[in-house]
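What TrEMBL says about this one:
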BINDING   H67, H69, H111, E113  Fe cation binding site
DOMAIN    35-132  domain 'Pirin N-terminal'
DOMAIN    185-295  domain 'Pirin C-terminal'
Amino acid sequence: MPISEKSSGKNNINKRLVVKKLFARQQHEGFGAVVRRSIGRFELRYFDPFLVLDEFSVSAPAGFPDHPHRGFETVTYMLEGEILHEDCEGHKGVIREGGLQWMTAGKGIVHSEMPSSNSNGITHNKGLQLWINLSSKHKLVEPIYQEIESKDIAETEKDGVRVRIIAGEWNGVKSKICTRTPTMYLDFTLSPGSRISQSIPFHWNAFVYVLEGQGHFGDSKLQHSGAAAHHLLLLGLGGDRLEAWNSSDSGLPLRFILVGGEPIGEPMVQFGPFVMNTQEEIDQTIDDFDNFRNGFEKARHWKSQAASALGLF
């Protein structure tokens, strides 16, 4: 649901201010994997349209073996190393460092995400995975993928600010990604002393997740405005831009993602990897999955090569 904010003076009329700060603590997920979950935990179950944000770290043989999805999108952005993706439809590929996979699960997919055997000695494979809800009219679309290698992600730099445009645009530079749920996803790196003033659609929900360094967001006089790595900052409504600056005394860069999305405003019922609008639709999804129907037909006899090699199934 949208979060409102109160302005603390004329200078804050157009600013997005931080209304909540969460530290993403480590937890175990999948098969021996470790994630830092910020959205999708008990303090923040849902931030329309965002369902989950995980900062993950996996080392072989750990990973995320065969599992289903329906009704939303997963966005996997690799920060270090690489992940092998396989699914029951026959799609297979590697998401390498700096690369992106935007998967629309739609009516149903069963897939695995495991460290690649060709990761060139890299022991830690790190990245971000964001789950984005779909409106009722898109929940049962055919599964599709949008994959972009690191070299093909739009990137620009100006006045000590480097930006990778995962979705949306910055300073006239646009991403190649098409979003069913209108979304912006920007990866900022600010050199010491640099700052940004980034526009955000007025009615969109938005958040910041800090990857490296120390920064201030919104208004340095307000509580929660300062944050270091592994912190999620929810931005309130009532403004159309985010101001952020590198406040580190160590001379290190500040790296964070800024993500915003148009709220869907529909009922949401989630059962693990299934996200629908009603409990009846969840019950139907479970029945479809158990009986390999309505999108899960090809999962009946499928096992991923990565999971099979580990003897997981």
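Any Cβ shown, glycine's included, is placed from N, Cα and C.
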In the chain carrying H111 (Fe cation binding site), residues 6 or more apart in sequence that have Cβ under 8 angstroms from it: D66, H67, H69, H85, E86, D87, C88, H91, M103, S304
Close in space, distant in sequence - E113 (Fe cation binding site), Cβ under 8 Å, 6 or more apart: G63, F64, T76, I83, L84, H85
For the domain 'Pirin C-terminal' (185-295), the number of residues DSSP places in helix, strand and coil: 12 helix, 51 strand, 48 coil
Lowest local Cβ density (other Cβ within 10 Å) among binding-site residues: H67, H69: H67
Three-state composition of the domain 'Pirin N-terminal' (35-132), taking helix and strand from DSSP: 0 helix, 65 strand, 33 coil
Shell list (Fe cation; ref centroid = CB of H67, H69, H111, E113; cutoff 8 A): F64, D66, P68, T74, D87, I109, V110, S112, P273
